[in-house]
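So that you can see what the record holds, here are the features copied from TrEMBL:
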type: SIGNAL; residues: 1-18; note: signal peptide
type: DOMAIN; residues: 93-288; note: domain 'Peptidase M12A'
type: BINDING; residues: His186, His190, His196; note: Zn(2+) binding site
type: ACT_SITE; residues: Glu187; note: active site
Amino acid sequence: MALVLLFLNIILINFINGLPVSDDDIVIIDNIDNSIDDSDVIDLSSLQPNAFGSPDNESGDALAAWTESSLMNAEETGRYAEGDILIPKYARNGVRDQSFRWPKGHIPYVIEGQYSQQQRDTIMKAIADYHRLTCIRFVPYSGQTDYIVIKSANTGCWSSVGRLGGRQEVNLQSPGCLSKKGTVLHELLHAIGFMHEQSRPERDDFVKVKYENIKSGSENNFRKEDTKRSNDFGISYDYNSVMHYSEYAFSKNSKKTIEPMISGVTLGQREGLSRSDVKKINNMYNCKKDEPQTGWVGSIWQSLFGDKSKYN
Ligand SMILES: [Zn+2]
């Protein structure tokens, strides 16, 4: 009897796990103000001047040599600011040290890259995660002024931060940038408006940067943002963020370049958005999208996800 109950339980849990989260399960209050004001501005000045440049094939070649067994993440191989942040010189935005949020969190997109069906599925799964967990909506491009183009040029994995105005690119070179859904989530999260987690002003309270192990010339990638110019959206430092570097990012000697201050955590996961990533996005976009807490949906949700630090 106990065995039968256990069996039924496993079937039930598998069934629930496989269920997509329907909009009925989540309370959405669409109260986003569409007008541009100061709070819509994303400050890019801390990236100056090395974030402004052109895509380069050397970054593409470095990524082509990268494999999944590497100690560092795919997007940590680029020669751009912090590895994967690039604001192309041809960006139309006249004010270079600012970008903006996307009105209503709607991001028109078009996929121009050459991808296999499986790689395309990886991109669509990442987009589905944003739709399921946040108010961000990637909408197929249909002539909007501001939009993103997902490309597969031989220039590595990179994105700008926030909305620049006009056409802007997110490059996801094949196959390196498509090997993990988290890399796609990561680059899209830059486009949504976020920087790297370890560049938060208070990061030295949470991680130790080991400069002696960093490749010469890559030290700038470990800069911190200015407290006055950054916004944590009320969310504390998150080791599990999909925006955090891996422990070996830009290492010259296969030793760690960044170490958590506490034991038992791993940095640089690229499996899915963390719970704090989700909250931060929804706070930035003034979106009230709550986890279900009550009722049978809420109790199952909390039992499955409530004590875990990430969704997937
Ligand atoms: Zn990045």
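Every residue number used here counts from 1 along the chain in the order it is shown.
Quick reminder: no glycine exception, Cβ is built from N, Cα and C everywhere.
Features as recorded by TrEMBL, highlighted on the structure.
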residue: His186; record: Zn(2+) binding site; contacts (Cβ under 8 Å, 6+ apart): Asn73, Glu75, Asp84, Cys157, Val242, Met243, Arg270
residue: Glu187; record: active site; contacts (Cβ under 8 Å, 6+ apart): Glu75, Asp84, Cys157, Trp158, Ser159, Val170, Asn171, Leu172, Cys177
residue: His190; record: Zn(2+) binding site; contacts (Cβ under 8 Å, 6+ apart): Asp84, Ile85, Ser159, Ser160, Val161, Val170
residue: His196; record: Zn(2+) binding site; contacts (Cβ under 8 Å, 6+ apart): Glu82, Met243, His244, Tyr245
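A Cβ within 8 Å of the Cβ centre of His186, His190, His196, the residues given for Zn(2+), is found for these other residues of the same chain: Glu75, Glu82, Asp84, Ile85, Ser159, Glu187, Leu189, Phe194, Met195, Val242, Met243.
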